Amino acid sequence: EASQSPQYSFESLPQKICLICGDEASGCHYGVLTCGSCKVFFKRAMEGQHNYLCAGRNDCIVDKIRRKNCPACRLRKCCQAGMVLGGRKFKKFNKVRVMRTLDAVALPQPVGIPNESQALSQRITFSPSQDLQLIPPLINLLMSIEPDMVYAGHDNSKPDTSSSLLTSLNQLGERQLLSVVKWSKSLPGFRNLHIDDQITLIQYSWMSLMVFGLGWRSYKHVSGQMLYFAPDLILNEQRMKESSFYSLCLTMWQIPQEFVKLQVSQEEFLCMKVLLLLNTIPLEGLRSQNQFEEMRSSYIRELIKAIGLRQKGVVPSSQRFYQLTKLLDNLHDLVKQLHLYCLNTFIQSRALSVEFPEMMSEVIAAQLPKILAGMVK
């Protein structure tokens, strides 16, 4: 559920109302009209190294009386309102830039989802016909468009520091985000969606896709024994312990271990990856909601076909489908933790000496507060 606190806009309020808590404003502080209390709170939070966590659901009411109850929600609301220390402001997610990025890759016209898939029943069923050993055409296409691994640019000749590791991970995240945008352009059915929907889906799913990709690389290249962020950034347990995000590493480590346990095939992984892209949408839905539902149903059927390549029989196939979709569901809590950590690090990036590339900064500033406020489903 979205935050219960009133959503203010600068244009709609009297000039003396704090946009954070509704108290009387003392002026425009850090780019936003606020009271003295919220001004001081924001400055201390940004310059300190606090790791605020909400004890509730990240939807606490922030008003004059209760503004001190939950610093995590208060800080999130400051960020959501646009407060920036030292004039650090970011535009809304640059739709023009994304569209140019989408157009930058020379690819053939979008490949439609096969007619055979479109003609299948919307019900999820496991039939004997799925015993065919041939890889379905759409899954073959997913294999052909899978992006190459990208490098983090991390200098392994120097000792790890918290700021250097996080900066390298952010650089890697920027490159992977660009890779996701390019990959989505060649994904059958995706360009049939409204351009606003395409951008929204990428914004809401990028963290899930990156973590899922991390799990796959760790599974395939180091048998789930380490975290394989990139060929030049592989963390063994010792490096994880020495990092400032060891608990998050342990949580992320569970994904490749699940891949090992389930022995996930490449065909299954590719279908699950697309379903992650299509997993989170705004509460109000999408502009091309019907096309989105059709696309999602088609890729659910492709996952069933991928399962059928190795698993024979209705009952084992159904059990396998449950295990794989449960794995996707279990990503939700992990990704929420990563969103919180990412937003906190972003807000305090100057104090922590952590660099955030521009495109990644725009996504974080524009969408993470909405996701954490429960404005998606």
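Backbone N, Cα and C define each Cβ position, glycine as well.
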Per Swiss-Prot, which of 54-78, 79-103, 329-353 is zinc finger?
54-78
Quick one: mean pLDDT on the zinc finger (18-38)?
84
